[in-house]
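Encoded as structure tokens, the structure appears first; notes follow it.
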Amino acid sequence: MTYLFNQPSSFARELTEGFVAAHADKVRQVPGGVVRSTRSREGGVAIVVGGGSGHYPAFAGLVGQGLAHGAAMGNLFASPSAQQICSVARAAHNGGGVLLTFGNYAGDVLHFGQAKARLNAEGIPCELLAVTDDISSAPLNEWQKRRGVAGDLMVFKAVSAAAEAGYDLAAVLEVAERANQRTRSLGVAFSGCTLPGAEHPLFTVPEGMMAVGMGIHGEPGIRDVPISTADELAELLVSSLLKEVPHGITTLSGQRISVVLNGLGGVKYEELFVVYRRVSQLLVEQGLTVVEPEVGELVTSFNMAGLSLTLFWLDEELERFWRAPADAPAFRKGSMSPGEPLAERTFVAELEVIPNATAASKAAAHCVAAALNAARDIVLANVTELGRIDAIAGDGDHGIGMERGVIAAADKATEMLERQAGAGTLLQRAADAWADQAGGTSGAIWGVALNALGTVLGDEQRPDGRRVADGVRQAKESVMHFGKAKPGDKTLVDALIPFSLALTQRVETGMSLPEAWQQAAQCAQQAADDTAQLLPKIGRARPLAEKSLGTPDAGAISLAMILDAVSAVLNSDTTSTSSHQTATQAESER
């Protein structure tokens, strides 16, 4: 359990504030995360890392000279939003472009991918690299699906040293790709982690057993085996990792590697050293030369009892980068002169301009806000159940993420009503708030979907049924484009597609929007229930697909819940589109 916190909702923000207060000589806080507080080389590439909070020293503790220039920090176990990532990247940018690098998780891929597109559009050259070192999470022929765990550190260190050496963005990206291809990790867990305010851990391990292949967000392992001795565990980890040698290495003898034995938060350093004693012996017996190993907590999983072993297969350049000096709050190598402090900067929130809207669109905005309030109420009533469903094969955080997102969206909608926003603008700003506060995969998906719907609704008129159906179809297409999910993958898409089709078909026959929405929502509910018979093909549940059989997808279920709640709003709205197919010409031109 977590003993010390104020409010669970403020934990991530307050830990960042405390971290910056403790390390002001190395980092400063910016909206969305932290950046170096010391001067970096003008014209150099900026390395921006990031992910959810709860993994310290990753990610903020790895910001400093010789390491990252900035870290985007999401909520606990939730990826930072694209808005947060962009904010950190802009603050870290030195004129030579930005490399975004992070562990390979669906939410991070979505948010960092969107941030890359925004930054490039702004004129800041940007590339990204998702770390894929966890050998338990996918076979070698599907390495792109592997998770990023403690191997994050190896990649972050290599690319940061390359940037310090003056490499340009393309060359830094090449180093990132090579370092990633030469990094392998495997871990075990003895117990799950419990987040602040939670009564139960995200997952449990049967007494006397250990879960092999867990993820750093508490994802269950691929198999449970009896807890072994320290030497037996070392042998399991080393033998598993040596079965998968990077391409181009034909013999172990004479190879140079670096090693990280990483504690996940609940294993004592003394225990780690006992395990490393045997790890070192086994590697030397294979003729390997170990270069500057690290033993300790480097990429944790809050208070999970567990550890992981990472092998970093060096070439001449990667060894030079691994051994290069670094001075970050939680990671130091060699010696560096103190950095030149930067002048204090005050970040002023950007003024949010509200576009003009017609009276008809402003009236419709009240209905949109009511729909978001209804979504909030249904999610809050089902947070625990959504988390339970998600925990069957995932990390169990879906309910918490949806709660954060929908509350932020409903609050933003209220603010937009007070500022006389039209329906489209209100929904788009609510979408941004949802994505920013929820983080994670669900935050990215809902942000993309509601933004697309809001764009189609616009601020010029009261949307009729056809326009709403067009907006839902655009939302579906945007979600599939950014999330890469297809029908049958056991995701929200499996409920969204039938909803969109049913809504379009019914409004095209002349059915009123409230009635069409209600019937389409029923189709979505049935489709969501039917996902129980599917096996997940993407996301964190994929490695444990069989465990999810018989349980519906949490994202599809939450979507169906919200669609049903919105149906009640539409049917109770006396000024709904069913009695107002179009606004008056005077209103639409006002």
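Keep in mind that glycine also has a Cβ here, set from the backbone N, Cα and C atoms.
Listed features, source Swiss-Prot:
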ACT_SITE  HIS217  active site, tele-hemiaminal-histidine intermediate
BINDING   HIS398, GLY399, ILE400, GLY401, THR441, SER442, GLY483, ARG540, ASP553, ALA554, GLY555  ADP binding site
DOMAIN    7-331  domain 'DhaK'
DOMAIN    366-568  domain 'DhaL'
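Everything Swiss-Prot records as a feature, shown here on the structure.
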residue: HIS217; record: active site, tele-hemiaminal-histidine intermediate; DSSP class: coil
residue: HIS398; record: ADP binding site; DSSP class: helix
residue: THR441; record: ADP binding site; DSSP class: helix
residue: GLY483; record: ADP binding site; DSSP class: helix
residue: ASP553; record: ADP binding site; DSSP class: coil
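Taking the Cα atom of each, HIS398 (ADP binding site) and HIS217 (active site, tele-hemiaminal-histidine intermediate) are about 12 angstrom apart. In this structure, of the recorded positions HIS217, HIS398, the smallest number of CB atoms within 10 A of the CB marks HIS398. It is 18 Å from the Cα atom of HIS217 (active site, tele-hemiaminal-histidine intermediate) to that of GLY555 (ADP binding site). Taking Cβ-Cβ distances under 8 Å and a sequence separation of 6 or more, the neighbours of ILE400 (ADP binding site) in its chain are LEU195, VAL383, GLY387. In sequence order, ILE389, LYS490, THR491, LEU492, ASP494, ALA528, THR531, LEU534, PRO536 constitute the residues six or more apart from ASP553 (ADP binding site) in its chain with CB-CB distances below 8 Å. Between the binding-site residues GLY483, GLY555, the minimum number of other C-beta atoms within 10 Å of a residue's C-beta occurs at GLY483.
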